[in-house]
């Protein structure tokens, strides 16, 4: 399946490039060349972990002048030979110039895609590993073994502080096209030094037999495929309603810039509605997937998929008709390998429109004149594969000025083995001898707010019942809202509260609506969770963002990630807890909303062999931003004549 026939729209124009558009291939190539020529830190053992646009100062973007905004790149380097991390900034105009180069002590940079591949090769060529799988499991053909890199984390061991480590999980295929994840090698776990790219030891636990149940999912191996599905076409004969200029998008009253980084993946910049600003920058900051099984093989499983693996580098090339349906515009992701060679993920981001049912409707029975408007949304999406799991990241923009973010979780469960006729108290038995540990997924969003401008104020809003004995409440039905001004970072740390229907509102006191109140947007949380691991758990010491659902900080360009810049093998919190301990003022400031949402996954047999999509997310909706429903101006839906569904 290809997308060769998908073309850019006729409405695409040739305006100037926006300064927040991601780096071009030529700019990435120039950054590599500058570092090789102007720095002595690029050696045979140096890896380019990431090359990302250095975003220009906010004031220059929001208050444009005739001044040309310089294009610069931020580069993270890691030297396996010296176990050293460096940060560089490179000016990209003309021949380029190295602006700065700084050694970042005692950190482990994000693992690169190349290291993931090389780690698997290191395990497979280990003579000790080959001997152990032959001795314990009767596996003679090492080429059938799958090795998934897993971060080492930090559990108080000296080697985790001083070495660059991985603790892979291993599986075995019964044939070349087999679903190998159904055959976990439980009881052997290699430990790999990624600097040496060697197995330094293999930890041996219980020797459970490998479950060899066969459960395939590819269309060529499923025994009987449905034959009663007829085509469903999405047709836009006049083309889509969006306009594209490079990575700049406008759709009805919305406009924004699509960004992309090797660590975060999809980013939205400078989001405005009817030329009024809503968000300056919006992206996933970090995520963590902690597992709840204390067994030795499973206990260290907790993946920080942004900071440890790099979501952008794991992004899929999307396919028309499979990942996206309709009239599609794709955007490529430009990056490089860890050796500085150019790398392009084709069709990394998908843009299209969707019909999503009724937006609003009313029928005046006296006049018999139903008025209905159909809802259409613009979808900006990408999908990343982190070994066994897939994560789809979907931004939705609506005609009523609402913004929604949704994560779609699918892929294959991280499975383990149990002895015959046994079950685990910490996971679901999926098939004989095969279980899926209970686990959670937590996502932290960094939302750089700009509600009608950058100076905003945050409120927590609780709904509360009036006292039963109040004189005015004789029918015991009264309730009101309690609007609480959040003045400092520590005060703003807060959790959802179902009993109070808690929400958060963000206002611009300098702009007033038709009833004289400050314009604003409100955070509408979706389904959520709290961590079940103790606060003493090692992974929680690196993931303070799960401690609260809502955090609010004043803008600081150095505070970009919920677990800090380098969570890989970090020894303590370097993220949101550290940021907010400063307890800075957040009243009428340039503020950033950090929202954490989670899913508790108790696996079902129906999640096997590939899990149906599970969704989680949130919405931002205008609240006093307009004087009336902003979608009141939509044209009436055009009536269509369709065939009766049961017509012969």
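Positions of Cβ are set from backbone N, Cα and C atoms, glycine also.
Here is what TrEMBL records for this protein:
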ACT_SITE  305  active site, proton acceptor
ACT_SITE  389  active site, schiff-base intermediate with substrate
DOMAIN    18-92  domain 'Copper amine oxidase N2-terminal'
DOMAIN    111-211  domain 'Copper amine oxidase N3-terminal'
DOMAIN    232-631  domain 'Copper amine oxidase catalytic'
MOD_RES   389  2',4',5'-topaquinone
Tell me, how many other CB atoms lie within 10 A of the CB of the residue listed as 'active site, proton acceptor', whichever protein chain they belong to? 24
Please spell out the DSSP helix, strand and coil residue counts for the domain 'Copper amine oxidase N2-terminal' (18-92). 19 helix, 25 strand, 31 coil
Tally every other Cβ atom lying within 10 Å of the Cβ atom of the residue listed as 'active site, schiff-base intermediate with substrate'. 19
Using Cα coordinates, what distance in whole Å links the residue listed as 'active site, proton acceptor' and residue 389 (active site, schiff-base intermediate with substrate)? 10
With DSSP helix as H/G/I and strand as E/B, how many residues of the domain 'Copper amine oxidase N3-terminal' (111-211) fall in helix, strand and coil? 34 helix, 25 strand, 42 coil
